[in-house]
Amino acid sequence: MKSLKTLGQFIIEKQTDFPYAKGELSRLLRDIGIAAKIVNREVNKAGLVDILGTVGDTNVFGENQKKLDVYADEQFIAALKDGGECCFVASEEQEEGVELTDTGISKNAKYIVCIDPLDGSSNIEVNVSVGTIFSIYRRISQVGEALTQEDLLQTGLRQVAAGYIIYGSSTMLVYTTGKGVNGFTLDPSIGEFCLSHPNMKIPQQGHIYSVNEGNYLKFPQGIKNYIKYCQEEDAGTNRPYTSRYIGSMVADIHRNLLLGGVFIYPQTALQPKGKLRLMYECNPIAFIIEQAGGKATTGTERILEIAPEELHQRVPAILGSTDMVNKVLEFLDKS
Ligand code: AHM
Ligand code: MG
């Protein structure tokens, strides 16, 4: 029988990959892993709302029911605060972000975490996969100094780690520290994330395109032309491709990472910057996709090179198998 390697064991083994003080990043990842297990427990119970009470009610245990995205936000922030390595959390759920430097053990903390605590949360009520996306930066200012805009708005290239958790038919945590991508599946019987997908690589060319085609009429002409290309028959390039779109970024990305494919959320006439957020959706996913051998662009620039202007900034996103992303860029160039 093969022996199990837990996330905790793996992180300790890989500590030498990390250029800064050993242990800090390990503790951060451990804290995120712990919060993920708590959120997973609640997400799994989401279908029981009719029995346990709906959001806003008091449930049978006398607890006030919260929206799960708010609950997830609280859990991740609490875990990061208790862990003591994080000085600032930028969250999709918090307009301003949360500074932790004046709270107890976090005052010497060196890391900034950007997080979407529960992405795709509208999918919960229909029992479809949702996810958490996180990104970790090291602060530029010195410990003890006030945090600056420069600390909070770093380019994606400066991420020291990034990952996602998918709450799906299995719950998985996938992360990178810039030395490849590894995936861990939660074994509920022992309550541990176990290494199940070492050294993940996205196929260079895939067969799946993932885009909300309901917005087709408002897409840029190059994207429309690419979609038509995907649908045309051509034996040489194995077309038509397969269309797959869940509407939960983590789930769509996870499938395409394993099978090969391209995920597109372009700008539209109504949303000139697209929908997805740079700091806690596109940057971490772009880091993972690139580390797995794929490509991530807005259509005009590499996502990881964008100089952020604000925490909740939106950007168009084209992410996935390198050859497919290049093909989309070709269509955009020609249009
Ligand atoms: P959210 O952060 O409000 O949950 O929105 C992000 C989600 C992504 O997971 C997904 O890729 C996208 O929104 C789907 O949007 P649409 O329904 O417009 O296709
Ligand atoms: Mg989101």
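All residue numbers here begin at 1 and follow the chain in the order shown.
From the backbone N, Cα and C atoms, a Cβ is placed for every residue, glycine too.
Site annotation (TrEMBL, ligand substrate) includes Asp119, Gly120, Ser121, Ser122, Tyr245, Lys275; from Asn212, Asn215, Asn225, the additional listed residue is Asn212. For the Mg(2+) 2 site, TrEMBL records Asp116, Asp119, and the single candidate of Glu233, Glu281, Glu290, Glu301 listed with them is Glu281. TrEMBL annotates Asp116, Leu118 as Mg(2+) 1-binding residues; of Glu85, Glu92, Glu145, Glu150, the candidate listed for that same site is Glu92. Mapped onto DSSP helix, strand and coil, the domain 'Fructose-1-6-bisphosphatase class 1 C-terminal' (202-332) counts 56 helix, 21 strand, 54 coil. Rounded to a whole value, the Cα-Cα separation of Leu118 (Mg(2+) 1 binding site) and Asn212 (substrate binding site) is 20 Å. Within 10 Å (C-alpha to C-alpha) of Glu281 (Mg(2+) 2 binding site) lie the following binding-site residues from Asp116, Ser121, Ser122, Tyr245: Asp116. Comparing the binding-site residues Ser121, Ser122 on other C-beta atoms within 10 angstroms of each C-beta gives the minimum for Ser122. Between the listed binding-site residues, namely Glu92, Asp119, the fewest other CB atoms within 10 angstroms of a CB are found at Glu92.
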